[in-house]
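Here the structure comes first, spelled out in structure tokens, and everything after it is commentary.
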């Protein structure tokens, strides 16, 4: 599990529910990853793995851990995040060498006192649970550096946490803390946002029980429980829920996921702008007894006047817009969209053209635009037999845009008008439409031969001149005409005789975004490349934000893209990427352009070319991919042509590699590398030559050794991938990467010895200790020699003085 994605972009789970009993016979197994499966209980055979040091069971369905879990005495890393754990066994405190413990996003309500016995624990993540308190014994974790307690129900925290000597991060955000001990507040690294600090306890209304807060983390998915008492839910990503009392008659487990939008099922309408990721709430279709309120944060659109923000939901068959209220939070300045629902499905936030609607009765009515009140639609009596709903949308088009696109100063146009209804039957009587004359045109200077009424189909594919088919009336400021069916209508004033093609070109351009591509390399690690597609007006702010950490070529030339259009990035000329990435299609990275989302990916690149003699001057090219369904046919054809797939190319340079120590040990004492001595003079040094000798003794267990040394999983995976053809290079890269990172640590040699012992390599540990002992003896001998020389010099000076 965890390698394939479903149709909505989320990782799929594997089918593993248990392990065979004889799995416990793998007595040398040190690393076991069972993440993204369907385990409801931890297989008992795991407790019979005496050498196990790393255990990952995240993204399963575990409710509890075995009482004798502490039998895994060599465990240094344990992750059970995103399960359903409600309690922990007391024996967890027996994991005496455990360094990293991740129990985030479970259902823990209490912690056993034994947690305070994890004296070697450096990082403890308990975020996204239901903890209302934590035991005082946590103050015994003297090795603890990072403690994550955000998104719980904590009312208070013990002041003794401030006495932890190595603590560098304490995250208490999004809890129920109304007071924090002064000792904790004085810490420079404590984070407490999202707590009701200083607020009085809210008093319940008459006849209503006090609501409780449920706080969850929202990295990509999670769950929480709703009872008949109701609750407020605040996700760390900013989404809020309010379940009123009685909304759920029985306890109900709610599951949520944050999904990457995919144009294959997220259908945007003309001139829509996507402002958020997709939120999925399960179970689908469950009917609540009362409306549930949802607040979704979104990115503020650039055109607030002619657009409005709405929450859009998917019923399983089609998308529909919910009645939405928007507001800006005072403290964070973030915008949120608020809606009410009676059932859960998929939700997203979009910006659409402002929509005015009304119910047309048999006696007729009047509908006008709130964007431009000069635009009116008049329904006469007898226009329909049955009431029907009518919607009106307006897109203003500036004279500057018309002139820029048409390159003709004489072309002018009115705002675009879109009319729709919920009936397929034409109206019984003509409907009168009033449009303002184009800017600068009045009834006094009007040349009727230059005025054209255009009718467009629903997709904007064709624009027909219907001037001769309607009866036009004019006032000083308006043109009035009658129609019996609805679609797009546009009033143009031009000397051109064939206006349909020009209108089609302008309409297409109104939906396009001018963008630039950027490709930057991290200054400290040129193999880490950031790719992004940025709207033209955002390029300078984005580059300014990244310039301290990245460098690279100037952005690409400007190109045009539709909202929801797919494009690819291909690394070429000696540069490659991991082909097993889920977003990699035929060796190219897949992107979907959304104007208000980041459209950014950061990846590691490699080169099959030998970089020892010279740098690799490669490139990344961007190509068009699938086109949204709503794109005009001509534009789609242009994008699919063989000569129009390419968009831009930017250079990528991987620097020349320095000579490697494994191929020429003599270089260790040359000028290619600075001297590398681990340890200190009193305890003994390990030189580069010693490390090379040690590396020759390491075998296929180098990954376990690297993890015991404290290297991260991404580092281990990257080392393995970069040197996937050569085991010796993997070992050397791991060992010297660690050595360079820890060369200033005076205890690094003892840590290396401990890591070898923990990885079952007592033979290498003995060799290192022998080297260190020999170095210590030489140091003591040199001290004695220096001491004798000093004594002799002192005696000579005394004789001379006499």
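Cβ coordinates come from backbone N, Cα and C, glycine included.
Features reported for this protein in TrEMBL:
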ACT_SITE  343  active site
ACT_SITE  345  active site
ACT_SITE  485  active site
ACT_SITE  487  active site
DOMAIN    220-353  domain 'ZU5'
DOMAIN    354-495  domain 'ZU5'
DOMAIN    687-772  domain 'Death'
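Features as recorded by TrEMBL, highlighted on the structure.
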residue : record      : contacts (Cβ under 8 Å, 6+ apart)
343     : active site : 284, 285, 286, 287, 288
345     : active site : 280, 281, 284, 285, 313, 314, 315, 316
485     : active site : 426, 427
487     : active site : 418, 419, 420, 455, 456, 457, 458
Helix, strand and coil residues within the domain 'Death' (687-772) as assigned by DSSP: 64 helix, 0 strand, 22 coil
The domain 'ZU5' (220-353), counted residue by residue under DSSP: helix, strand, coil: 0 helix, 67 strand, 67 coil
Helix-strand-coil residue split for the domain 'ZU5' (354-495), DSSP-based: 14 helix, 59 strand, 69 coil
Overall pLDDT for the domain 'ZU5' (354-495), taken as the rounded mean: 88
